Amino acid sequence: MSFLFGSRSSKTFKPKKNIPEGSHQYELLKHAEATLGSGNLRMAVVLPEGEDLNEWVAVNTVDFFNQINMLYGTITDFCTEESCPVMSAGPKYEYHWADGTNIKKPIKCSAPKYIDYLMTWVQDQLDDETLFPSKIGVPFPKNFMSVAKTILKRLFRVYAHIYHQHFDPVIQLQEEAHLNTSFKHFIFFVQEFNLIDRRELAPLQELIEKLTSKDR
């Protein structure tokens, strides 16, 4: 959650996505932050009693976007066309970009380009009121959960790239605890609601086992 980062002046990669104050989603976000503050990440991801699953997934998806935005924003100086000519997560995993609309056929591109495409695409989904309604009483579309799953699957790739290719600068910048806590929260969330296929998580499987084994 954003509170993990305190009030540090942290540059974000893309503009932060705000949930309007006073809205029900804002109350849900506050509930999640309060639960996270207790330090129990397993409990923090559980659907609050009486709440709508779509809305809970929506609020948390926006929050993960903001967290990754901030984390990637801290290491953009290290993630360049030269250092990362392909979008990868270690030697075995390489990602090619396609969004199904503007770029239909997957293209091979540098990591900074891929992440720019990815974060812009996510931002467009989050800003689409027909997909992520912010007004009370406006229903979520039937395809909401499949869109949310695609968003989270793609956001995972940014974590995977940071861990595999940029962990040294993360340590130098003393962002390691933030990254680990954010990623652990993300993994507990997607595990709780089965939102990302296990195969997609393979690039960080060892880390996932290490981070989650203490909380079983």
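Here the Cβ of each residue, glycine as well, is placed from N, Cα and C on the backbone.
These figures come from a predicted structure and were not determined experimentally.
TrEMBL annotations:
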type	residues	note
BINDING	Cys79, Cys84, His161, His166	Zn(2+) binding site
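Residues Ile75, Phe78, Ser83, Ala111, Pro112, Ile115, Ile162, Gln165 surround the recorded Zn(2+) site, their Cβ atoms falling within 8 Å of the Cβ centroid of Cys79, Cys84, His161, His166, which are themselves excluded. One residue stands out among the binding-site residues His161, His166 for having the most other Cβ atoms within 10 Å of its Cβ: His161. Cys84 (Zn(2+) binding site) has a Cβ environment of 19 other Cβ atoms inside 10 Å. The C-beta environment of Cys79 (Zn(2+) binding site), restricted to residues of the same chain at least 6 apart in sequence and closer than 8 Å, consists of Tyr72, Ala111, Pro112, Ile115, His161, Gln165, His166.
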